[in-house]
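Below is one structure; the comments refer to it alone.
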Amino acid sequence: MGLALAALAGLWIVLVQLTGNGGNPTEATLAGYPLIFVALAVGMGSLVSPITEEASFRGYAQVILERRYSPLVALPISAVFFAAWHGPTQGFFWSKLLFFFAVGVVFGTIAYFTDSTLPAIPVHIAGDLLFFIAIWPQDASRHLVMKAGADAGFWIALV
C-alpha cells in the first residue's frame, strides 16, 4: 500500500501546483502550541479519524451499498460520501474533492478485496501521518504551475 500512498501524495502535490488550493486549514491552528501538544494532537487525529472513517464509510455505507448495487457502483458512491465529508475541513474545491474521492476509492478497494475494514486502517493512519507531517506543511512553498512553470517536483509528482 506504500505505492498507493505515494500515488496519492503525488496527486495532491500536482493538484496543489495546478490550483493553489493546498494545505489543511485545520492544521494551521496548531501553530504556536508546544511541540508535545502538536505531536499528541496529530497522533490522536491520525489514530481516531482512520478508525471512525473506515467504520463509517467502508464498514457501514459501502457494505450497505454493496448489498443493493454492484461493487463498481457502491465503491464510488461511498467515495463521494468520503470526499464530501472532508469538504468542511478541507474546503469544497474541486481539486480537494477529487483528491479525497481518490482516497476513498483506494480505501474502499482495500476493504472490498479483503472483505474487511481492518487492513485499510493502518494504511489510513500512515496516510494521515504522512500528510500531517510531510505533505501539508510544504504546500505553502509549492509554486503554481501557471505562474512559475512546472518544476522538477511537479514532474516527479506527476509520474
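Every residue, even glycine, has its Cβ placed from backbone N, Cα and C.
Model, not experiment: these values are computed from the prediction.
Packing against the transmembrane segment (28-48) from elsewhere in the chain are residues 125, 128-129, 132-133: each is 6 or more residues past its ends and has a CB under 8 Å from a CB in it. Annotation source TrEMBL lists transmembrane segment at 28-48 (among others).
The DSSP breakdown of the domain 'CAAX prenyl protease 2/Lysostaphin resistance protein A-like' (39-129) into helical (H, G, I), extended (E, B) and coil residues amounts to 81 helix, 0 strand, 10 coil. Under the heading domain 'CAAX prenyl protease 2/Lysostaphin resistance protein A-like', TrEMBL lists 39-129.
The transmembrane segment annotation in TrEMBL covers 69-87 (among others). Under 8 Å from some Cβ of the transmembrane segment (69-87) lie the Cβ atoms of residues 53, 57-58, 61-62, 96-105, 107-109, 112, all in the same chain and six or more residues away from its ends.
With a cut-off of 8 Å between Cβ atoms, the residues of this chain six or more beyond the transmembrane segment (93-113) that come close are 1, 4, 8, 11-12, 15-16, 18-19, 21, 54, 57-59, 62, 66, 71, 75-76, 78-87, 119-120, 123-124, 127. What TrEMBL lists as transmembrane segment is 93-113 (among others).
Annotated transmembrane segment per TrEMBL: 120-137 (among others), in sequence order. Non-local neighbours of the transmembrane segment (120-137) in the same chain are 1, 4-5, 8-9, 12-13, 22-24, 27, 42, 45-47, 49-51, 53-54, 58, 103, 106-107, 110-111, 114; each lies 6+ residues outside the stretch with a CB under 8 Å from one of its CB atoms.
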